[in-house]
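Chemist: Grabbed the feature section from TrEMBL, which reads as follows:
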TRANSMEM  21-40  transmembrane segment
TRANSMEM  60-79  transmembrane segment
TRANSMEM  99-116  transmembrane segment
TRANSMEM  128-152  transmembrane segment
TRANSMEM  164-185  transmembrane segment
TRANSMEM  191-214  transmembrane segment
TRANSMEM  286-307  transmembrane segment
TRANSMEM  319-338  transmembrane segment
TRANSMEM  350-369  transmembrane segment
TRANSMEM  390-409  transmembrane segment
TRANSMEM  415-434  transmembrane segment
């Protein structure tokens with residue numbers, strides 16, 4: 001009875017923390033979703049271009065976001081150890097890191113464009129992607145600065161300000177994107193290029209808004225020393241970087257694998273590319289629910305890890321898994337029940353809708369396993385197990401899902417169904433391996449040393 005009561009309390013705590021984080025993650029994806037939907041309704045031929053542009057740029061952005069993940073984990077551990085200044089230092093170092101990573105991501109996105117022709121993407125489509133990328137890349141430093149500050153706020157269990165910023169950004173984006181794509185409110189009609197400019201402008205506004213809150217309006221900012229000068233102390237934040245290395249590789253592997261899936265669809269045909277873009281977009285927006293739960297789980301696990309409380313680590317992980325998979329299963333049922341109305345929000349093109357409709361049930365089947373691996377990977381990072389999720393994602397997605405997608409789609413001519421089948425198998429393998437790693441750590445009965453106990457040596 002006591003264990004049941006403790007689990008219910010943990011589930012309630014997780015629900016309260018994960019709610020704003022889930023809304024924030026969904027809001028983050030809605031920025032791209034609105035662009036995709038408006039461009040798809042404006043001109044179907046532009047849908048593949050804007051989708052592949054975001055797939056490339058977002059791959060680098062997600063790698064960088066993973067490199068910043070140490071801000072969140074070290075912040076939650078610092079709160080567990082009742083050391084707010086350590087959380088503030090993690091944020092200060094992370095914001096500087098975010099600016100540098102944003103510039104590198106912009107350069108990498110532009111440098112990736114010549115590879116499109118080598119993958120067999122048609123010349124007209126590649127030219128459209130190049131034009132859009134020149135605009136989207138400009139906003140990458142700003143969005144990574146926003147991510148760094150949001151990780152800080154989430155790590156100290158105050159996700160609401162970041163959530164309000166992303167909601168405000170979506171309101172502005174919805175109006176501005178419509179105006180710039182269709183030429184409303186006195187603005188010129190710019191089509192897909194207008195949506196790209198809108199994304200960049202909104203990302204800049206979001207970065208400025210969250211910076212203003214943290215540095216000027218957060219009531220206890222002095223406790224975190226967020227406005228104080230700080231020593232870079234390379235050796236002093238090695239665990240933050242180590243978690244970031246694992247997170248960056250893991251996010252990059254997963255995002256890169258899905259980028260390759262999008263490119264394979266483009267090689268198959270422009271129609272399959274557009275239909276795949278719609279399905280991946282739906283998957284991405286719904287995946288933000290369990291990934292938000294996963295981030296909240298990593299915060300609670302990190303706090304328990306800071307306290308060296310193994311039973312609480314187990315409860316936090318179990319609560320996160322239960323909540324994340326349950327919510328994802330409900331979304332999958334909705335997806336299976338109403339595929340037509342959901343797809344109709346993206347385009348009125350009958351051929352595109354028919355191509356996507358046949359794969360919606362497969363996508364729904366893959367979602368609970370996707371949620372399972374997403375929650376478990378974040379729980380492992382919360383206990384400073386940075387390497388295992390990275391290796392597992394490499395095995396499940398790069399070594400299995402991508403080659404299988406090529407075989408099923410291009411070699412065995414299964415079209416879009418082949419790509420979604422590859423996603424399903426990759427998710428299933430990742431979920432199984434993440435769970436096995438969790439039980440392996442639990443059986444050891446002891447955790448890795450807390451961040452404060454690590455030796456001061458560089459990485």
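Residue 1 is the first one shown; counting continues down the chain.
Glycine too: its Cβ is placed from the backbone N, Cα and C atoms.
How buried are these features, and what lies next to them?
Modeler: For the transmembrane segment (60-79), same-chain residues at least 6 beyond its ends with a Cβ under 8 Å from one of its own Cβ atoms are 85-87, 90-91, 94, 97-98, 101-102, 104-105, 108-109, 140, 143-144, 147-148, 151-152, 154-157, 237, 239-252, 254-256, 295, 298-300, 302-303, 305-306, 381-382, 384, 450-451.
Nonlocal intrachain contacts for the transmembrane segment (99-116), taken as residues 6+ away from its ends with a CB within less than 8 angstroms of a stretch CB, comprise 52, 56-57, 60-61, 63-64, 67-68, 125-126, 129-130, 133-134, 136-138, 140-145, 263.
Non-local neighbours of the transmembrane segment (164-185) in the same chain are 23-24, 27-28, 30-31, 34-35, 38-39, 42, 146, 150, 191-192, 194-195, 197-199, 201-203, 205-206, 209-210, 213; each lies 6+ residues outside the stretch with a CB under 8 Å from one of its CB atoms.
Only residues 6 or more beyond the boundaries of the transmembrane segment (191-214), in the same chain, are considered here, and those with a CB under 8 A from a CB of the stretch are 31-32, 35, 38-39, 42-43, 46, 49-50, 53, 91, 128, 131-132, 135-136, 138-140, 142-143, 145-146, 149-150, 152-153, 161-162, 165-166, 168-169, 172-173, 176-177, 179-181, 221, 226.
Long-range contacts of the transmembrane segment (350-369) within the same chain: residues 44, 47, 271-272, 274-275, 278-279, 282-283, 286-287, 325, 328-329, 331-333, 335-336, 339-340, 342-344, 415-417, 419-421, 423-424, 427-428, 430-431, each at least 6 residues beyond the stretch ends and with a Cβ under 8 Å from a Cβ of the stretch.
Below 8 angstroms of C-beta separation, residues 246-247, 249-250, 253-254, 256-257, 260-261, 264-265, 268, 272, 373, 377, 415-419, 421-423, 425-427, 429-430, 433-434, 437 of the same chain, each at least six residues beyond the ends of the transmembrane segment (390-409), sit close to that stretch.
Beyond the transmembrane segment (415-434), the same-chain residues lying 6 or more positions past its ends with a Cβ under 8 Å from any Cβ of the stretch are 257, 261, 264-265, 268, 272, 275-276, 279, 283, 355-356, 358-359, 362-363, 365-366, 369-370, 372-373, 376-377, 380, 388-389, 392-393, 395-397, 400-402, 404-405, 407-409.
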Chemist: By a Cβ-Cβ criterion of under 8 Å, what residues six or more beyond either terminus of the transmembrane segment (128-152) are in contact with it?
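Modeler: Distant contacts of the transmembrane segment (128-152): 24, 46, 49-50, 52-54, 56-57, 60-61, 64-65, 68-69, 71-72, 75, 87-88, 90-91, 94-95, 97-99, 101-103, 105-107, 109-110, 113, 116, 121, 159, 162, 165-166, 192-193, 196-197, 199-204, 206-207, 210-211, 214.
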Chemist: For the transmembrane segment (21-40), give me same-chain residues lying six or more residues beyond its boundaries with a C-beta closer than 8 angstroms to one of its C-beta atoms, as numbers and ranges.
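Modeler: Same-chain residues near the transmembrane segment (21-40) but 6 or more away: 46-47, 50-51, 54, 58, 150, 154, 159, 162-163, 166-167, 169-170, 173-174, 177-178, 181-182, 191-192, 195-196, 198-199, 202-203, 274, 277-278, 281, 284-285, 288-289, 291-293, 295-296, 345-347.
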